[in-house]
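Everything below concerns the one structure shown next.
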Amino acid sequence: METKTKIIFFVIMVGSVSMLTAVVTDHWAVLSPQVENVNTTCEAAHFGLWRLCKKHIYIDKEESIGKSCGPISSPGEINCSYFRHFTPGEDSEIFEVKTQREYNISAAAIAIFSLAFIILGTLCVLGSLRKGKDYLYKPAGMFFAFAGLCAIISVEVMRQSVKRMIESEDTIWIEYYYSWSFACACTGFVLLFLCGIGLLLISMPHIPRNPWETCMDAEPEQM
């Protein structure tokens, strides 16, 4: 196996881990309401594809009035609930009122497709480790490139979900930012898509530099 192929496989592994981390964690976006009073708690939140976590942060500084609640890393009581469209009966009132549910359903489904393409690509890579199985580079490259495309589509759908939620008239959130799970998904897109294209290029047949190269390399005919 060539060195460049080993490097591509290593980068693909990093991209796959990044995408898996993004899917299973819930720090895609952090939402904060405006602080109006001191000596009370405000409610910040972070959410991912599967659940919403609310944190009650105690405010005791007057300079915090008029600013956003947080930071999210501040100590406080955390209450997480899975979204109702995945777990019926769970309390997800804030999610149902303040977000566009169809966006998160779509983002989660597309992210699952991304993981499925990663699994298929990995199976092709494992099969290509046998001698004479280099032709599996082509389907592996396609699967990883598709995984990257699904990742960026999921990212964009989540971005639109946060945007719609912030712009809603019913929302209590005034500020938001994308957190490390979102960054993992973006990293997964870049690494998987580029390395998928790289595998496709490696799997392409050799193109002769000179017009006569193919004829010179051809085996002589048997008389």
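For all residues, glycine too, the Cβ spot is worked out from N, Cα and C.
Sequence-distant neighbours of the transmembrane segment (7-25) (same chain, 6+ residues past either end, Cβ-Cβ under 8 Å): 48-49, 111-112, 114-115, 118, 121-122, 125, 144, 147-148, 151, 180-182, 184-185, 187-192, 194-196, 198-199, 202. Summarising the annotation, TrEMBL assigns transmembrane segment to 7-25 (among others).
Taken from TrEMBL, the feature transmembrane segment covers 105-129 (among others). If you look at the transmembrane segment (105-129), the same-chain residues 6 or more away from its ends with a CB under 8 A from one of its CBs are 1, 9, 12, 16, 19-20, 22-23, 49-50, 85-86, 135-137, 139-144, 146-148, 150-151, 153-154, 157-158, 161, 185, 188, 192, 196.
Within the chain, the transmembrane segment (141-158) has long-range Cβ neighbours (under 8 A, six or more residues past its boundaries) at 12, 15-16, 19, 22, 28-29, 49, 103-104, 106-108, 110-111, 113-115, 117-118, 120-121, 124, 182, 185-186, 188-203. TrEMBL lists 141-158 (among others) with the feature transmembrane segment.
Within its own chain, the transmembrane segment (178-202) is flanked in space by residues 4-5, 8, 11-12, 14-16, 18-19, 21-23, 25-30, 46, 48, 72, 111, 114, 118, 121, 137-138, 140-149, 151-152, 154-155, 158-159, 162, which lie at least six positions past its ends and keep a Cβ under 8 Å from the stretch. Look at TrEMBL and you will find 178-202 (among others) tagged as transmembrane segment.
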